[in-house]
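Down below is the structure, laid out as structure tokens.
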Amino acid sequence: MNELLLNLVDPLHQWFLGLGDGGVVLWSVLKILLIAVPVIVAVAFYVVWERKLIGWMHVRHGPMYVGMGIFQAFADVFKLLFKEIVQPTSSHKAMFVIAPLLTLAPAFAAWSVVPFDAKLVLSNANVGLLYLLAMTSLGVYGIILAGWASNSKYAFLGAMRSAAQVVSYEIAMGFALVGVMIASGSVNLSQIVFAQAGNSGFFDWFLIPLFPLFIVYWVSGVAETNRAPFDVVEGESEIVAGHMVEYSGGAFALFFLAEYANMILVSFLISIFFLGGWLSPIQGWVNADVSPWIDWLWKGGWPWLLMKVFFFASAYIWFRASFPRYRYDQIMRLGWKVFIPLTIVWIAVTALMVFYGVIQKGV
């Protein structure tokens, strides 16, 4: 299936290169659109799925029966786009406008190094993991800027909460990925997936030897995206909407889009780092040469990656529907007193497992 896609993309790439410098620019613009458009479409359907899943959990009639809930998310988009963007008179006008863009840009830029299959990646960077750490850390600057530029005590309090929370859990996420780097011997995302390949199927994935780091990265990813039960940044019962309290219309929609794009991104990264990315859970168990439309079931391919992503993306919604919000001090305590010490200990354990051959790098 991967070869079929490449047969379509390669001739198109060569045609653009044949146009000279202008073709190179057009190809770069096309690659940007290849990131932005699918992410925006994925966010739209993710919102529909969130409404339907929570509707099933809460037995709500709207998302379950009225048009199957499909039109509610799109109605929200049109409502926000046609609303007026009102700026507070005491706000910093330029920074107020820049803040949502500064939040959205890193959320989209991070996708450029995410591999969907062995050869299906926009930029196969050798430092892809470090690039991702940098991009996922930049989004908080837009939140801080929004809180400061709004000149509102609620917005500023939400921004300060976000800064402390992201810094705390960014350290835990970084340490968790150090374990992945030690186990794989690479910071290239495709090579990290290949390091989990073998003839034992899912037993070769990093999920088993790095299970504590998997849990830390997963929970930290939820906290990093400010989602329930770590959504104190925009705690409705305390600070109304946090850093977004003064935003409306399209500007508010940009924050919304960045949040959901980051949720999908974290779901992809968990699948790549710990669940073998596009690898099949029965890799090496079946050897049969049949149609490329079927052999991905045991040889691996992007459908496996999408199924893993779907599970983690749905887990985000499940967390929101099931767990109450943590207090701010509980979130800080969990990050600094539990996750960071645990990751430091397991980095040492991972190094020993690699040294003694317990973790074997794949093909």
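Here, residue 1 is simply the first one shown, and the rest follow in order.
Backbone N, Cα and C atoms are what each Cβ position is placed from, and that goes for glycine too.
The transmembrane segment feature in Swiss-Prot is assigned to 29-49 (among others); the stated evidence is sequence analysis.
Under the heading transmembrane segment, Swiss-Prot lists 62-82 (among others).
Residues or ranges marked as transmembrane segment by Swiss-Prot: 96-116 (among others).
Positions annotated as transmembrane segment by Swiss-Prot, on the basis of sequence analysis: 127-147 (among others). Panel annotation: around the transmembrane segment (127-147), residues 95-96, 98-107, 109-110, 113, 155-160, 162-163, 166-167, 170, 173-174, 177, 180-181, 187-190, 192, 224, 233, 242-244, 247, 255, 258, 262, 265, 269 of the same chain, lying at least six beyond its termini, place a Cβ under 8 Å from a Cβ of the stretch.
Marked as transmembrane segment by Swiss-Prot on the basis of sequence analysis: 163-183 (among others). For the transmembrane segment (163-183), the residues of the chain that approach it from at least six positions outside its boundaries are 129, 133, 136-137, 139-140, 143-144, 192, 195, 206, 209-210, 213-214, 216-217, 220-221, 223-224, 226, 230, 232-233, 273-274, 331-332, 335-336, 339-340, 343-344, 346-347, 350-351, 353-354, 359, 361, judged by C-beta separation under 8 angstroms.
Listed as Cβ neighbours of the transmembrane segment (202-222) (distance under 8 Å, sequence separation of 6 or more from its ends, same chain) are residues 169-170, 172-173, 175-177, 179-180, 183-184, 195-196, 229-230, 266, 269-270, 273-276, 279, 281-283, 312, 316, 319, 335, 339, 342-343, 346, 350, 353, 358-360, 362. Here Swiss-Prot flags 202-222 (among others) as transmembrane segment.
Tertiary proximity for the transmembrane segment (238-257) is limited to same-chain residues at least six positions away from its ends with a CB under 8 Å from its CB atoms, namely 40, 43, 77, 80-88, 91, 96-97, 99-101, 103-104, 107, 143-144, 146-147, 150, 152, 154-155, 157-159, 161-162, 232. Annotated transmembrane segment per Swiss-Prot: 238-257 (among others), in sequence order, evidence recorded as sequence analysis.
Under the heading transmembrane segment, Swiss-Prot lists 264-286 (among others), citing sequence analysis as support.
Among residues of the same chain six or more beyond the transmembrane segment (299-319), those with a C-beta under 8 A of the stretch's C-beta atoms are 1-2, 46, 49-50, 53-54, 57, 116-117, 120, 197, 218, 222, 225, 227-229, 263-264, 266-268, 270-272, 275-281, 283. The transmembrane segment annotation in Swiss-Prot covers 299-319 (among others) and is backed by sequence analysis.
The annotation transmembrane segment is assigned in Swiss-Prot to 339-359 (among others) on the grounds of sequence analysis. Under 8 Å from some Cβ of the transmembrane segment (339-359) lie the Cβ atoms of residues 169, 171-172, 175-176, 178-179, 182-183, 206, 209-210, 212-213, 216, 219-220, all in the same chain and six or more residues away from its ends.
For the transmembrane segment (29-49), the residues of the chain that approach it from at least six positions outside its boundaries are 16, 69-70, 72-74, 76-77, 108, 111-112, 122, 257, 260-261, 263-264, 313-314, 317, judged by C-beta separation under 8 angstroms. Using a Cβ-Cβ cut-off under 8 Å and counting only residues 6 or more beyond its ends in the same chain, the transmembrane segment (264-286) has close neighbours at 39, 42-43, 46, 107, 110-111, 114-118, 132, 136, 177, 180, 189, 192-193, 196-202, 204-207, 210, 213-214, 217-218, 221-222, 224-225, 296-302, 304-305, 308-310, 312-313, 316.
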